[in-house]
């Protein structure tokens, strides 16, 4: 006959075991449900139905489709290898061509709900042997009033101290036009000892960024009329460049007002 566990602590130099006292019948507690320990409070309500969740999770949940838009969710990918310099480079993320497919926009207006930046930054074979540290700084910008055939250069938008990209801020006369939505960085190290020749970049941001085009069908910067989405990249080392192999995906919805 098995003994009933007692509420005692058996402590040895190697282990400490706590046993719980149980006054119920041994036949009643033979089949017990497994206990799931949840460390994060938010995850405790993920698999519950909506009517079983607290009021906070029902009132303040973000909608799947942005307001004023309609499905399905469309995807546009930008895949390119860039040479990131100290002076900075720019990529237009909101270039979407007009068409009937799942990678096209239906009309003039659409909303970029989220963006996924995936890839790596890496050093060349000759550069990685030099003893140095290089940081690549990414700026995700909103251009509220696009103008011209191409976006402005890094130095025309940002005000820097001693031409250092890590101190870059939007110029005072351009603050109403350009807005920094997200900023992040990645680091690579060259040299014979603590070499880190490549660094992974993996970022996912929710933006709800509304873009407006003109009557043209081509997805170009010159056809934007409102809210172009730009990605600026610059490295902190003055002489050694960094290569960036990135895949940028935007998830967008067409506007109802088209």
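Positions of Cβ are set from backbone N, Cα and C atoms, glycine also.
Swiss-Prot annotations:
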type	residues	note
MOTIF	3-20	motif 'Bipartite nuclear localization signal'
MOTIF	41-55	motif 'Nuclear localization signal'
ZN_FING	69-86	zinc finger
MOTIF	102-123	motif 'Nuclear export signal'
MOTIF	202-249	motif 'Bipartite nuclear localization signal'
Intrachain residues whose Cβ lies under 8 Å of the zinc finger (69-86), provided they are six or more past its termini:
93, 95-96, 102-105, 110-111, 113, 121, 136, 163, 165, 233-239, 241-256
Could you tell me how many residues in the motif 'Bipartite nuclear localization signal' (202-249) are helical, how many are strand and how many are coil under DSSP?
3 helix, 31 strand, 14 coil
For a three-state summary based on DSSP, what are the helix, strand and coil counts in the motif 'Nuclear export signal' (102-123)?
0 helix, 15 strand, 7 coil
Can you tell me the mean pLDDT for the zinc finger (69-86)?
92
Composition by DSSP (helix, strand, coil) of residues within the zinc finger (69-86):
0 helix, 16 strand, 2 coil
